[in-house]
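Let me begin by presenting the structure, written as structure tokens, before commenting on it.
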Amino acid sequence: MLIYLFHFSNPLFFFKRCLGYKEQNLTSISEFFLSRFSDDLELQPLLFGLFLSMYLVTVFGNLLIILAVSSDSHLHTPMYFFLSNLSLADIGFTSTTVPKMIMDIQTQSRVISYVGCLTQMSFLILFGCMDGMLLTVMAYDRFVAICHPLHYSIIMNPRLCGLLVLVSFLVSLLDSQLHSLIVLQLTCFKDVEISNFFCDPSQLLNLACSDTFTNNIVMYFVGAISGFLPISGIFFSYYKIVSSILRVPSTGGRYKAFSTCGSHLSVVCLFYGTAIGVYLGSALLPSPRKDIVASVMYTVVTPMLNPFIYSLRNRDIKSALWRFLRRTG
């Protein structure tokens with residue numbers, strides 16, 4: 001959700017008007033046209049194979065994390081419970097956009113229906129916001145584990161863990177539905193060409209013919225709740241974690257304490273770092289082609305790398321994966 005917040009916080013985006021364009025009533029629009037990576041027909045098989053393989057790796061890797069956590073009793077802890085939910089959200093996040101993109105490459109089609117566009121946008125925001133919320137919950141879990149280790153099992157009880165995941169889902173669902181309601185308020189569009197390979201809500205608002213100032217204000221507020229609040233929670237948790245670790249007298253103790261946060265911190269940097277990079281690249285060097293490439297990093301590459309980060313940096317996950325593969329093999 002951070003990237004959408006950055007789009008809406010641009011003052012120029014707030015005051016764009018539709019001058020000199022032919023208005024198209026909503027009733028006359030039944031479909032939009034998504035952008036392609038390349039119009040070169042010789043590159044289409046390569047792009048098809050590349051994105052299909054990346055999608056399969058993403059789904060397979062995240063499924064392995066979920067199966068390893070659920071099948072190994074040693075991993076039935078709050079940290080891995082949140083990790084399995086994060087993997088599930090990553091599967092949903094990448095499945096919202098990549099299969100449609102792969103199908104369009106195969107069929108040489110750029111068409112997406114109006115209903116399909118709204119549906120894709122809703123699920124994209126739902127799973128994207130869920131990712132951010134779960135990363136915040138995982139930061140809180142690490143904060144309790146390091147700063148209050150004696151009370152960890154009491155604080156992070158199964159009821160609270162389930163409640164945190166439920167609240168994360170409900171907040172994400174509310175965010176998704178608010179975006180959908182705002183887009184449904186649009187009565188006409190100046191164009192049907194979306195400058196991305198998926199239905200980006202900022203792109204749809206940019207195509208609106210009517211004055212979208214009020215809608216932008218609402219989206220800015222919603223984006224602040226779903227974007228900056230999770231980031232603030234993560235920063236606050238790690239501020240407390242670092243302060244607590246620095247008070248540990250031995251170097252080995254400090255390293256052991258901080259190593260439990262290494263995987264989560266890497267995923268946080270990848271998730272939000274990519275989003276910030278997408279915004280900065282779009283703001284400094286605006287280009288539809290560069291925006292598409294940056295969006296691939298955010299929606300495809302990041303969910304694919306998360307399982308590798310957690311499996312390579314976590315001995316418990318690696319051991320559980322080997323035990324699971326031996327049992328199934």
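Placed from the backbone N, Cα and C atoms, the Cβ positions cover glycine too.
In TrEMBL, annotation is done automatically, which means it is predicted and not curated.
Of the listed segments 80-99, 180-199, TrEMBL assigns transmembrane segment to 80-99. In this model, the domain 'G-protein coupled receptors family 1 profile' (61-310) carries an average pLDDT of 83.
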